[in-house]
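One structure coming up, written as structure tokens, with questions to follow.
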Amino acid sequence: GWLFSAVDSNPLSIYVMHPFWNFVVKFLPTWLAPNLITLTGFMFLVLNFLMLAFYDFDFTASAAGHEHVPSWVWVAAGIFNFLAYTLDGVDGKQARRTNSSTPLGELFDHGLDSWACIFFVATVYSIFGRGESGVGVATLYYILWVVLFSFILSHWEKYNTGILFLPWGYDISQVTISLVYLVTAVVGVETWYQPVLFHFLYRDLFTFMIIACSFTVTLPMSLYNVMKAYRSNSLKHSSFYEAFLPFLSPVLLFLLSTTWVVCSPSNILELQPRIFYLMVGTAFANVTCKLIVCQMSNTRCQPLNWLLLPMLVVVLLVVSGTVVNETLLLYVWTAAVILAHIHYGISVVQQLSGHFNIFEEERIDLKGAEV
């Protein structure tokens, strides 16, 4: 099989999760395609997002005096989140077990992971919400970007060194959040209003953990690994410009969406936080997928993503005050981004599977059936 180099150095993963996944994978039928496992795991996160969009669309349900999200929703969220995490760990093991590891599988896995960031973050946000005891929508917007950039860092590292170093924070946060959902179901969201220590609230702990994790673990490790490769001359891209090229589109996306947030006449983030996050997260996933394709095929990264051009037009229309109904424009643009991303995903899968003859066996079976 075709294996990609990934280095997993964190103790929780090595001593707890991998043995658990090895145990789980034995129960899966060998005919079950690894990509189907990947997709199912991702769909559980989308399901969580939709479920909380139904009960807490604008992130106000957890605030005092509002009707809270029913307890069973938190139980379901905890179970679905853990299932998503487990399936994400098992898909690669199933591929090795059935000897069906392909570059397409790697792209599908990491491509969906990059999109999963937004569904995960937006669902976690409902625990705290945006009330007095919560986190402001703008603060969460910047936290989302910290998460997105720490995701792209590990891939940028692979683009430069050829090895994907899995971020430590990932396993710890997944297990913790699954438990937090279950605890929330039992003790209620009010529990998170109480201070942890002195006058530090849980929401501060949550914000601090995400930012600290990214800056103390992910960023230094990525830079260290890239510099180490740089010193030993094993970098794939010799020039500094080439090495930082993958950051161009994500940084431009950040600047465009932040300009929209800051200069929005109707204060769009206050009005439609969920849809705005979804738009940003999906556009980001599209940018990241293109980086992953480059790093897999060892081709030069395309510096500009075409999605940025229509987005520039959208942002200019908003900022100049040309558009009357900003919310409507956001909804239309979000739908366009989602459709563009799904279309991109389907065409890449078709091209790659044609390239690697993944459907060859099925074609032969069909011919046999026709005779």
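Even glycines carry a Cβ here, placed using N, Cα and C.
Remember, TrEMBL labels are computer predictions, not curated facts.
Just lifted these from TrEMBL, have a look:
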TRANSMEM  36-57  transmembrane segment
TRANSMEM  69-87  transmembrane segment
TRANSMEM  107-128  transmembrane segment
TRANSMEM  134-154  transmembrane segment
TRANSMEM  205-227  transmembrane segment
TRANSMEM  239-262  transmembrane segment
TRANSMEM  274-293  transmembrane segment
TRANSMEM  305-324  transmembrane segment
TRANSMEM  330-349  transmembrane segment
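Relative to the rest of the structure, where do these features sit?
Counting only same-chain residues 6+ beyond the ends of the transmembrane segment (69-87), those with a CB under 8 A from a CB of the stretch are 20-21, 24, 37-38, 40-42, 44-45, 47-48, 51-52, 55-56, 61-62, 116, 120, 123, 126, 174-175, 177-182, 184-186, 188-189.
Here the transmembrane segment (107-128) has Cβ contacts under 8 Å with residues 35, 38-39, 41-42, 45-46, 48-49, 52, 55-56, 59, 61-62, 69, 77, 81, 84, 88, 91-92, 134-135, 140, 143-144, 147-148, 151-152, 155, 177, 180-181, 184, 189, 192, 202-203, 206, 274, 277-278, 280-282, 284-285, 288-289, 292-293, 296, 341, 345, 348-349, 352 of the same chain, all six or more residues outside its ends.
For the transmembrane segment (239-262), the list of distant contacts is 138, 141, 145, 148-149, 152, 155-156, 159-160, 226, 268-269, 276, 279-280, 283-284, 287-288, 290-291, 294, 300-301, 303-305, 308, 311-312, 314-315, 318-319: same-chain residues at least six beyond its ends, Cβ to Cβ under 8 Å.
Sequence-distant neighbours of the transmembrane segment (274-293) (same chain, 6+ residues past either end, Cβ-Cβ under 8 Å): 53, 57-59, 106-107, 110-111, 114-115, 117-119, 121-122, 140-141, 144-145, 148, 151-152, 155-156, 159, 246, 249-250, 253, 257, 261, 268, 299, 301-302, 305, 307, 311, 330-331, 333-334, 337-338, 340-341, 344-345, 348.
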Hey, which bits of the same chain come close to the transmembrane segment (305-324), Cβ under 8 Å, at least six residues off its ends?
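For the transmembrane segment (305-324), the sequence-distant neighbours (Cβ-Cβ under 8 Å, at least 6 residues beyond its ends) are 249, 252-253, 256-257, 259-260, 263-265, 268, 283, 286-287, 290, 333, 336-337, 340.
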Hey, which bits of the same chain come close to the transmembrane segment (36-57), Cβ under 8 Å, at least six residues off its ends?
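That would be 28, 69-70, 73, 76-77, 80-81, 83-88, 90-91, 94, 105, 108-109, 112, 115-116, 118-120, 122-123, 126, 129, 274.
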